[in-house]
Amino acid sequence: MLELRHRGAGPGPGAAGAPPPREGEAAGGDHETESTSDKETDIDDRYGDLDSRTDSDLPEIPPSSDRTPEILKKALSGLSSRWKNWWIRGILTLTMISLFFLIIYMGSFMLMPSVLSIQVKCFHEIITIGYRVYRSYDLPWFRTLSWYFLLCVNYFFYGETVADYFATFVQREEQLQFLIRYHRFISFALYLAGFCMFVLSLVKKHYRLQFYMFAWTHVTLLITVTQSHLVIQNLFEGMIWFLVPISSVICNDITAYLFGFFFGRTPLIKLSPKKTWEGFIGGFFSTVVFGFTAAYVLSKYQYFVCPVEYRSDVNSFVTECEPSELFRLQSYALPPFLQAVLRWETVSLYPFQIHSVALSTFASLIGPFGGFFASGFKRAFKIKDFANTIPGHGGIMDRFDCQYLMATFVHVYITSFIRGPNPSKVLQQLLVLQPEQQLNIYRTLKTHLIEKGLLQPALKV
């Protein structure tokens, strides 16, 4: 039974010190029927003062149903629950990895809608928990507004992506030119409309609950939409910046589970009792070796190392380029103690392999804290998984809690240590300018190149 304390509730009608009735309102509240009063009281009792809740006051969310296919249940019926869960997780993991490779084979164009679909599902799982915990299904317009805000934020981020990477295509379409030119104003207007709708939907005596859910929605948007946008940005830098980080997190998740399952004895963190130091350390070394090896293999192919660009002449994405220095073999001198052990003086590596060590180290040492954060979130609201979408794994968010943190790190890493001026993007921006502006830039660049001695001045006749 929840303890309900309503702050600011004054003395009842007729009590000493009660405020006089408002203008146009008869004493005793003649304009408020008894049924309306009872209804408001019932709703008020239902929501109450959320600040007075303790952890034990949170409602129990019913456990998710088992969605394991019947054929698997029958095949594994003779095993203990521990090994049954091991096989279910293993089979579904291999299935997801196979699907992942299939999407990669289909190209960048299929990866983008896949990222968007995962983002929407993660948003749905987190926002649904908020509705259940705070029992806010009956709040006016709130579910509609939550999805409206998701649409607005996606419109803003993906519109920015279109403006950056599809400039030549936009230039040919007059309607798109208008949308791109005023994109930020349109995005702000759409968000402002949702903001006004939220203010108009506020219900007397339930303001606090509505603002709780308003904040819940915006934090969920920050976690899901912003991070998925960074995933797309990383992908445009080259598919290798998408594949190596994501596969490193997957590798760490799998190997940490295997090391913990077979050798785990020492608990790692109270938030996740099943996590062990043996799994954590084993996952770290396995992930670094995997990332280093995967970087070597992928660096050989233009399909993975070239930036993803949209070519308007062929109306498709292309991954053709002259590989940068990051993806060309370089000779490195080994430290003296390694020369004595390996009897090699130099070793040939792709520079990206050195960067892959930083990426895989983050994936195995810091990345798991995204999972610990998610575990703490689930414990706070007394749930085992975000959803039951994937048997043995939980929801989509249970599998991508570390990926979002990794996406942010990769984006920061690229902008801090890798990315230089992008000639392709500069050219796209030039093509959008007016002809007079393009000629002015051409003359300025020509003069600059002549002064540098890179271009011969025109001969006067």
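Cβ coordinates come from backbone N, Cα and C, glycine included.
Residues or ranges marked as compositional bias 'Basic and acidic residues' in TrEMBL: 22-56.
Sequence annotations record features per position, and here TrEMBL assigns region 'Disordered' to 1-67.
Per TrEMBL, the feature transmembrane segment maps to 86-111 (among others).
Summarising the annotation, TrEMBL assigns transmembrane segment to 141-158 (among others).
As annotated by TrEMBL, transmembrane segment applies to 178-200 (among others). Remote same-chain partners of the transmembrane segment (178-200), defined as residues 6 or more beyond its termini with a Cβ less than 8 Å from a stretch Cβ, comprise 141, 145, 148-149, 151-153, 155-156, 159-160, 162-163, 170, 210, 214.
Among residues of the same chain six or more beyond the transmembrane segment (212-232), those with a C-beta under 8 A of the stretch's C-beta atoms are 50, 112, 115-116, 118-119, 122-123, 126-127, 130-131, 134, 136, 139, 142, 145-146, 149-150, 153-154, 157-158, 161, 198, 242, 403-405, 407-408, 410-411. Annotated transmembrane segment per TrEMBL: 212-232 (among others), in sequence order.
If one looks beyond the transmembrane segment (238-264) by at least 6 residues along the same chain, the residues whose Cβ comes under 8 Å of a Cβ in the stretch are 86, 89, 93, 97, 104, 108, 111, 231, 274-284, 286-287, 290-291, 294-295, 298-299, 303-308, 319, 327, 352, 356, 359-360, 363-364, 367-368, 399, 402-403, 406-407, 409-410, 414. The transmembrane segment annotation in TrEMBL covers 238-264 (among others).
What TrEMBL records for 276-298 (among others) is transmembrane segment. Counting only same-chain residues 6+ beyond the ends of the transmembrane segment (276-298), those with a CB under 8 A from a CB of the stretch are 240, 243-244, 247-248, 251-253, 255-261, 263-268, 304-305, 349-350, 352-353, 355-357, 359-361, 363-365, 368.
What TrEMBL records for 352-374 (among others) is transmembrane segment.
With a threshold of 8 Å between CB atoms, the same-chain residues lying at least 6 positions outside the transmembrane segment (352-374) that come near it are 240, 244-245, 248-249, 251-252, 256, 269, 271-272, 275, 280, 283-284, 287-288, 290-292, 294-296, 299, 305, 326-327, 386, 397-398, 401-406, 409-410, 413, 417-418. Among residues of the same chain six or more beyond the transmembrane segment (141-158), those with a C-beta under 8 A of the stretch's C-beta atoms are 116, 119-120, 123, 127, 131, 183-184, 186-187, 190-191, 194, 197-198, 201, 210, 213, 217-218, 221, 225-226, 229.
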